[in-house]
Amino acid sequence: MAFTNKSSYIALGCEGSANKLGIGVILHTPTETKILSNLRDTFVSPPGTGFLPKDTAAHHRAHFVRLAREALAEAKITPADVDCICYTKGPGMGAPLNSVAVAARALSLLWDRPLVGVNHCVGHIEMGRYITGAENPVVLYVSGGNSQVIAYAEQRYRIFGETLDIAVGNCLDRFARTLEISNDPAPGYNIEQLAKKGSKLLDIPYAVKGMDCSFSGILASADALAAQMKAGADFTPEDLCFSLQETVFAMLVEITERAMAHVGSSQVLIVGGVGCNERLQEMMGHMARERGGSVYATDERFCIDNGIMIAHAGLLAYETGFRTSLEESTCTQRFRTDEVFIKWRD
């Protein structure tokens, strides 16, 4: 199907900042936004291990062409229908980011379509806003690589608080390695299921300073408790997962509530892979309701890294005139959320 009315645009989005390769197609018209396809292929490493950049990049290279063809087929479009190709510029892991950037660049040249480099964090936020309908929330962005409390002001997503060391998702993933928990479908998901069966709340440090937090010491403490358990201590892996979750999520709720009070917001939007966790959503919901507010979150199709969020955020930028030239179509491991000028919002 060919769209000739240029008040309507179609974007192909390519995401590959970590172990998920995602490709999605989105349509923007003056009256609606429509997801045409949203496909993903995940690199899963063996239990007790993480994913190495070189292996993850090889996975993305191996599956990109197939996934792109399937995304176009599901969307029922051809390359001629695509107005722009959006890709994750950063932040993320260097090798997988670069593998997808090179592939997006190749499509741009093959199809003669402009490129739009997208900030991964902004992609999460804009997709969350679209799916949930949250108007102007405080955003808790929590994933394997990022932990930030964000609010919008003067055409920037301002970071009010963040982790001072590792991300909360990285803390959970690395603890899954300690317990040799399966990485399929995701270590954080498997920790969540074990935590539901835990009953003992063990003593784990709580590290919050203002709207910032720290997780590296908490991980070290949890690792030490795991060693005690293996030596015969009277608690289970389920108790450890329960205690770790309760502690780190309480920290996230505290810094989010502080940001809500600071900016006068009654809405919370949780985005990022950790945002799928039902216990985090439950705890955040209790806090928000006590303040007369509400919490918004998406399901795993949109909170876990995906191509459609890159297509959506990229197309929002494209419609304001933004383009990424071939010479500037690089990627970067460090790309702050507040570096992006949000021209499409008032």
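Just so you know, the numbers here start at 1 and follow the chain as drawn.
Using N, Cα and C of the backbone, Cβ positions are placed for all residues, glycine too.
The substrate site recorded in Swiss-Prot comprises Tyr141, Val142, Ser143, Gly144, Gly145, Asp173, Gly188, Glu192 together with one of Asn38, Asn277, Asn306, namely Asn277.
Matching Asp299, Asp305, Asp338 to the divalent metal cation binding residues that Swiss-Prot gives (His120, His124, Tyr141) identifies Asp305. Non-local contacts of His120 (divalent metal cation binding site) by the CB criterion (under 8 A, 6+ apart in sequence, same chain) comprise Glu15, Ser17, Thr88, Lys89, Gly90, Pro91, Gly92, Asp305, Ile310, Phe335. Rounded to the nearest whole angstrom, the C-alpha distance between Gly188 (substrate binding site) and His124 (divalent metal cation binding site) is 18.
In three-state terms derived from DSSP, Tyr141 (divalent metal cation binding site) belongs to an extended strand segment. Applying an 8 A CB threshold to same-chain residues 6+ apart, the list for Tyr141 (divalent metal cation binding site) reads Cys121, His124, Ile125, Ser147, Gln148, Val149, Ile150, Val271, Gly272, Gly275, Thr337.
A sphere of 10 angstroms centred on the C-beta of Gly145 (substrate binding site) encloses 20 other C-beta atoms. For Asn277 (substrate binding site), the same-chain residues 6+ apart in sequence whose C-beta sits under 8 angstroms from its C-beta are Gly188, Glu192, Gln245, Phe249.
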